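Taken straight from TrEMBL:
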TRANSMEM  44-70  transmembrane segment
DOMAIN    191-385  domain 'Glycosyltransferase 2-like'
TRANSMEM  369-388  transmembrane segment
TRANSMEM  400-427  transmembrane segment
TRANSMEM  482-502  transmembrane segment
TRANSMEM  508-531  transmembrane segment
Amino acid sequence: MDRLSSTTILPDGFVGAGGDDLTEHLSVIWGQIKAPLIVPLLKLVVLVCLMMSVMMFVERVYMGVVILLVKLFGRKPEKRYKWEPLKDDLELGNSAYPMVLVQIPMYNEKEVYQLSIGAACGLSWPSDRIIIQVLDDSTDPIIKALVENECQRWASKGVNIKYEIRDNRNGYKAGALKEGLKHHYVKQCDYVAIFDADFRPEPDFLWRTIPFLVHNPQLALVQARWKFVNADECLMTRMQEMSLDYHFTVEQEVGSSTYAFFGFNGTAGVWRLTAIDEAGGWKDRTTVEDMDLAVRASLRGWKFVYLGSLMVKNELPSTFKAYRYQQHRWSCGPANLFRKMVMEIIRNKKVTLWKKVHVIYSFFFVRKIIAHIVTFVFYCVILPATVLVPEVQVPKWGAVYIPCVVTLLNAVGTPRSLHLMVFWILFENVMSLHRTKATFIGLLESSRVNEWVVTEKLGDALKIRSAAKPIRKPRFRIGDRLHLLELGMGIYLFFCGCYDVAFGKNRYYLYLFTQAIAFFIAGFGYIGTFVPNS
């Protein structure tokens with residue numbers, strides 16, 4: 001009886017029942033390893049995270065200064081490169097215009113195939129100087145028949161359109177693009193414009209891009225900006241718009257204005273075919289074949305130009321599942337490409353040392369690796385852990401000032417969404433879990449390194465989905481809705497918040513609780529169901 005009523009004061013303020021042997025043993029073990037092991041290790045990790053935070057902070061400030069100078073001095077592409085409209089030649093006729101190939105790779109794109117094919121066929125260019133090539137890797141015979149019929153319908157109107165299929169899907173998108181360039185009619189082409197199945201270029205797209213390539217032989221790529229047609233569909237799409245707008249407004253613009261290098265976005269761009277051949281063509285060794293080609297072409301001295309004023313309509317993933325798969329590919333691929341190409345970049349002798357530093361340090365290491373890791377490891381794991389180990393202190397500049405400045409710099413891309421900044425921070429922290437996991441998969445080349453899941457697209461279904469009433473409520477299935485990683489992080493953050501309130505110094509409890517709620521929302525699959533006010 002005395003044994004049951006006795007209590008034991010445990011380390012760090014915990015009070016446990018004397019009869020709870022397990023709690024006592026764990027407390028003793030924790031007390032023994034905390035000072036000699038946990039505290040020094042946590043201090044080391046905090047130091048490393050602070051160093052990574054400073055690296056990311058300096059990179060963001062640098063890009064902010066560059067983009068400010070670009071805007072102040074009006075360094076538009078038309079001023080940095082020769083650009084003038086292509087003119088008719090009475091003697092040569094249409095042969096004075098370069099031959100352009102337009103490639104549209106697709107895979108079971110039932111909802112958007114008509115939109116993309118129609119937009120490509122509507123491009124304004126001399127009809128005998130353009131070839132539309134639909135690269136259909138569809139495995140659904142019904143969809144394949146629909147795409148082929150659509151191509152035949154445009155061919156009957158006089159459009160030079162080719163419908164190409166393969167026996168397999170080897171290499172996925174890279175394999176399809178590579179096979180598409182092997183056809184005999186491609187040999188007469190000078191340039192190739194690439195559009196994913198959900199992209200809809202305006203009719204004047206070629207008239208605004210091709211002159212850059214015609215008048216500047218050193219240019220290999222002209223990249224346009226993306227314009228999102230469904231950004232206002234839900235809170236999740238608004239968050240994506242904020243992240244991608246920063247990428248286009250700042251990252252792509254800075255790369256184009258300084259080193260004439262940036263990552264090809266895989267679509268909405270025009271390539272010089274000789275540059276693709278010289279770079280070694282399309283390769284399927286990673287899930288970012290577009291970035292792979294861009295880096296190889298840049299290492300051979302080719303330059304790129306980004307046109308922020310030229311926008312191409314496209315669609316954002318509108319389900320959390322689709323967005324997770326997309327972000328896995330976009331995070332795993334660059335890390336894996338960095339592993340494969342870092343020594344090739346170092347040994348290259350055709351580009352300057354500063355460009356090598358830019359590609360290795362800024363483009364790859366800081367933006368594609370450090371940015372993902374520090375967001376999750378520092379702000380979602382280590383910072384909450386310091387609540388449990390009060391002996392480890394994080395300076396205010398690292399915990400508050402740096403993330404605040406980085407967040408404000410990110411806001412310049414989408415001013416209309418400033419009031420959603422808090423939600424964006426929470427959303428990005430949730431997604432950093434998947435990006436960090438994918439980054440390590442790419443660096444270590446583990447089993448999912450080449451996983452490719454085509455992003456679901458809805459096309460015109462977007463217009464009717466919100467108006468249509470569901471016939472019946474879908475059955476809840478754990479595999480479709482419940483995400484254990486997010487739920488685990490939510491529990492961890494919630495526990496840290498409770499501990500901070502009960503025993504800590506109330507330093508981060510508000511952040512911990514709100515971030516825990518965000519992880520719980522994602523864990524239960526509801527992150528894409530909230531519709532924000534404009």
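Indices start at 1 and increase along the chain as displayed.
Cβ atoms here come from the backbone N, Cα and C positions, even for glycine.
Long-range contacts of the transmembrane segment (482-502) within the same chain: residues 13, 380, 384-385, 387-388, 430, 433-434, 437, 508-509, 512-513, 515-520, 522-525, each at least 6 residues beyond the stretch ends and with a Cβ under 8 Å from a Cβ of the stretch. In the predicted structure, the domain 'Glycosyltransferase 2-like' (191-385) carries a mean pLDDT of 95. Within its own chain, the transmembrane segment (44-70) has Cβ neighbours under 8 Å at 249-251, 253-254, 257-258, 362, 366-367, 370-371, 373-374, 377-378, 382, 386, 392, 394-395, 398, 402-403, 405-406, 409-410, 412, counting only residues six or more beyond its boundaries.
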